[in-house]
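Undergrad: For reference, the structure I am asking about is given below.
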């Protein structure tokens, strides 16, 4: 007689715990490849001659719309087979006339996806259940294996991130809820992956064996598909239709809205939102160790050229030219950890992946994954898009002055050093970790010169061997004698409501007295280097004696620059010095006006399942009342869902306090985030982490 199966126990609680997926689901089997899992098959009638039955019985797993043994999306294997790391196998762990307990092992390169598990016996096939298979950073045979447990906890399982914005001299932290372990996110991620595979006409599920094509597929789907992408391409100016980036607090809401909207773009795809969604809700969810990285002073859309230009008029007003290439105040991308089986072993490790569309020879698209080591060493021929990343962080920025007759003159002292302060959240903490040394050798060092020289030599080889160079070298520097110097200093980060204090030093190093005009200006800019509005301007007429320096202090009242600051509250300060010989010298500084007036306080001790209180204080830094204030509060493991509190008017320089009552349900480090909107101030965040003791 054949097997009569009553039920199959997938042992979800035990298996999910062993596979580090218990937070994703307690009702569905979530597994990581290359690691065994256990099931128990219960019979309706006793099986006495089990050895004879085993010889006739096998298991079948399959995934994808067109399962095939040839591409690894389908496998049939006997239950008595020994564990085999490179193929599906199963072994009988325990047997009884009424049940069999079976250990099943997946290969470390099995395609990720939703699987069905079937038991095949003479006369009948029995569906035992379904499971989801993810990448496995805990398995040495997996390409995404990460040997450090603290890093696995941070880059795979941590749902609470920090994204850095601001300027290179004032790095500001923004909290972000990744939410990659929420159960619905897994299904949305596989929907996204499947749509991307169909869009690219790939081999579908067969491409899911390697993290490289998976990364490229989901990065392409975020913005590069204008009809089905998650977010519409943004970044050069005001937000597109949909929710503005500063209003997003986490990835889950974005992906849920995309799913409900029948997979159509739901908001503006500014770089930090793209990186946050790609990092958390997609790549970490699928099991690829990923982190968000911010670089300051980034040369965008250079199409691998090592030169980028900025333009100003004679009064120091920033001009917008037709070129797509410009210097961004900051840019945010991802790093994914993986072995590069398609490249030399030295390129394994962190890979740069940028979902923001960039101009490339074959049109606009995402960049990466590019080995970070290859970027640092100037190996610009390495896949994928190392040349684009290298140019973005090593280009030379020349500042040009457009005169009244539309001619261009190089501004004295007008070059910028590109690629600074690469920042990411530290492992197991909320400190900012500087990873610039992973991408670049120290400025001015011998190693930096050697790397740049290697890149230039490869440029000439490309120019010789093809009609169009893919990598352009730096233009010659301006070498005219410089007699005028100007220095501009300002505080890098201002509190809301503060006046701007400028210190300007002008030097005349010529042998003669000079009469000069100084124009000082403040203008608001998008983080993408696009000007928003002219906010303030003041002119000075100076007589500069030979070989002397002159200093002056200038103050810009908040009331003059408060309007039209833009969503990132970035101000470009310029000081243009022009003498009677038409020599023009430019100094510039960028400052951020982004300090939050919210503070959060916790009691000294907090215990799981015991009622507690947090205090949120709102200080009004302005000279006018804050009206229609709404504070939204979230905290995984602290609050069940987001809460919103409406406050009455907050008078100038006064403080209102909120008492938040809650009962922690999860132990360990837990973050509370407060988000403020009002008529006067928009989208200001504050966050604080507390350690909750286990009950």
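Heads up, the Cβ atoms here are built off N, Cα and C, so glycines get one too.
So TrEMBL has the following annotated:
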type	residues	note
ACT_SITE	271	active site
ACT_SITE	331	active site
ACT_SITE	354	active site
DOMAIN	263-357	domain 'Transglutaminase-like'
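Would you situate these features in the structure and describe their surroundings?
TA: Listed in sequence order, 271, 294, 295, 298, 300, 354, 356, 392 are the same-chain residues six or more apart from residue 331 (active site) with CB atoms under 8 A from its CB.
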Undergrad: Per-residue pLDDT averaged over the domain 'Transglutaminase-like' (263-357) comes to what?
TA: 90
Undergrad: What number of additional C-beta atoms lies within 10 angstroms of the C-beta atom of residue 271 (active site)?
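TA: So the number of other Cβ atoms within 10 Å of residue 271 (active site) is 27.
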